[in-house]
């Protein structure tokens, strides 16, 4: 039985771990991020991968920082055949990668060499890509730079957001990994070096990027909103109040009003201006301190005072 140390943290990694278990790989240990405080009550919560590992009685290692930790020494001493990572979230020391008797591989959520880094799915949506995918690569010291063993593509549509693409790529990555690992173990897998001229990066989304730019064309604004959904949410300042836009629909009609202005408003509909004289319909939003609301609930509640012609979204709170 081939032994594995698995590293992963979010829901994306759970089907991959479950797939390895179902295919009778011997999971010696699971390494995941430490429990974190979540929610308004800041309750300590285990990562999805930890919860999955505990269901199968697999030992769990949770170093705050892997490099130099007792958990690192413990994992190296296990001398696994394979190290498999999927969205773990920490730098892996070279001496740990070299502890694998066969190889250390990563399931990466993009079509490498495009979008190395921690937020490939968000950037693929944000940039309006027509497709994304997963790549199985060898883990090396340089981030996401190892040789590629396999890729699988996934079309992207306007119905997608980061949540839906995460779920789809998780299953696609699981299947591709389970198809590729036997070839790697047998020494028959083909290695393809990454083209350095085609490398792009997808650094972790910053707090500043959560502030939506109302001067973007409506189509691009929609892409940003979907890239930040469902976990974070992008916000604007609407009448000076921080308001999250969870869903909009770009429209074909244009307007000469300034970006952030209301073009049309009734009890059930709110149409606004974005950049380059484009327009969009607001479908779902969330005023500060309140729950998500349909646009009808908002217009008949907190947004009753909004009227056509007003410029209500500004770059900064007034």
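Placement of Cβ uses the backbone N, Cα and C atoms for every residue, glycine included.
The feature (6S)-5,6,7,8-tetrahydrofolate binding site is assigned by Swiss-Prot to 110, 111, 112, 113, with sequence analysis given as support. DSSP assigns residue 113 ((6S)-5,6,7,8-tetrahydrofolate binding site) to coil in the three-state reduction, outside any helix or strand.
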For the recorded (6S)-5,6,7,8-tetrahydrofolate site, whose residues are 110, 111, 112, 113, find every other residue on that chain with a C-beta no more than 8 angstroms from the centre of their C-beta atoms, and list them by sequence position.
108, 114, 115, 116, 120, 133, 135, 144, 148, 151, 194
Let me spell it out: for each of the binding-site residues (111, 112), count the other Cβ atoms within 10 Å of that residue's Cβ, using every protein chain shown. Which one has the most?
112
